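Student: Features from TrEMBL:
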| type | residues | note |
| --- | --- | --- |
| TRANSMEM | 12-35 | transmembrane segment |
| DOMAIN | 32-271 | domain 'Rhodopsin' |
| TRANSMEM | 47-66 | transmembrane segment |
| TRANSMEM | 91-116 | transmembrane segment |
| TRANSMEM | 128-150 | transmembrane segment |
| TRANSMEM | 170-194 | transmembrane segment |
| TRANSMEM | 206-227 | transmembrane segment |
| TRANSMEM | 247-265 | transmembrane segment |
| COMPBIAS | 280-295 | compositional bias 'Polar residues' |
| REGION | 280-320 | region 'Disordered' |
| COMPBIAS | 304-314 | compositional bias 'Polar residues' |
Amino acid sequence: MALRWEQNPVGAQVLVQSICLNAVSCIFVGTRIWLRISKLRKLYLEDYILTLALLVSIALTVDIEFQRRSGSGLHRWQLQSMHLHPGEFLFWLWMSILLYQTTIFLTKLALAFQYYRVFKFRVQRIQSLILGLFVTLTYVQVLLTTIVFVCRPTKKFWNPELAGTCLPLHVLGPVNGALSVIGNLLLIVLPIPAIGKLNLPKRTKWALSVAFLFGLAECVVSFARLYTLIKVLSANDMLYYTRYASLWTVAEANVGLMCICIPAFQPLLSRWLPRAFGGTNQDSTRQTQQMSRGSRSGYERAESGSTAHTNPNRARSPEV
């Protein structure tokens, strides 16, 4: 039996908050895609991956609604009076773990591809490849653990009466959460040194560094989710307290999408905040176009011989 909103107000509140987070991330990703098409007339590989991650995050929010219908946010003793079976909730909980891990994996993979494209220096490209490999292997392992190895057979996760074995969630959950926090920290630290080598005004470098540091927000959310997850898994009434973990799960998935989009807003920020992002109101648009084209004329002058010791990579500005 599906619960009406008034029968589970706590679950309904979590759903509304999840929809709001999803709506904001849709605006961020939509703005990023619009800027790519309107300014650059093309999309990069990471844009397609990010769009796919957004679709999976929307599916995660839909899953929160099914969790609400199956009793998430209710006390365990309320299930019987409402003719609900805990197995239905556990199934949608398992699905939410799968959707969350997929969203995080795609978001970090998109960011690794973006780093590889933007930073033209050998060291940074190698770092991007290593980071991408780390992210891929980590989250493939987590996905396989969630789908295949968390319970054998898998159905035992939502049907504990079946014969088989399950990994302890109070150990598996925090380990996966800790890996997410470490991955977020690596993704934040990687681009900061490379920004200083880009051919950009000093203020713009600082502004881009701040934009990338917005990724700290995802680290904070990841840590909050990890802390909440530990508390929920050790609680006696997990069904009631899982609402907190669900909300932080949706928050981390969507905040990650927002953070990866912020550096791509540089053309808009150049127009709205020219002092911070270089140029004046009159020439901010022209400066943005020069950035997207890579300042080829400056590169050719540097190559002509008068500046033999100049690094040619500094003559190109990235399309973030």
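Cβ atoms here come from the backbone N, Cα and C positions, even for glycine.
Since we're looking at a predicted model, the values are computed, not measured.
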Student: Ranking 47-66, 91-116, 170-194, 247-265 by Cβ pairs under 8 Å to the transmembrane segment (12-35), which is first?
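Tutor: Looking only at 47-66, 91-116, 170-194, 247-265, the most contacts with the transmembrane segment (12-35) come from 247-265.
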Student: Should anything in the same chain at least six residues away from the transmembrane segment (247-265) have a Cβ under 8 Å from its Cβ atoms, list it; otherwise answer none.
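Tutor: Answer is 14, 17-18, 21-22, 24-25, 28-29, 31-32, 35-36, 50, 53-54, 57, 60-61, 64, 96, 100, 103-104, 107-108, 110-111, 114, 180, 184, 208, 211-212, 214-215, 217-218, 221-222, 224-225, 228-229, 320.
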Student: Need one number: mean pLDDT over the domain 'Rhodopsin' (32-271).
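Tutor: In the predicted model, the domain 'Rhodopsin' (32-271) has a mean pLDDT of 82.
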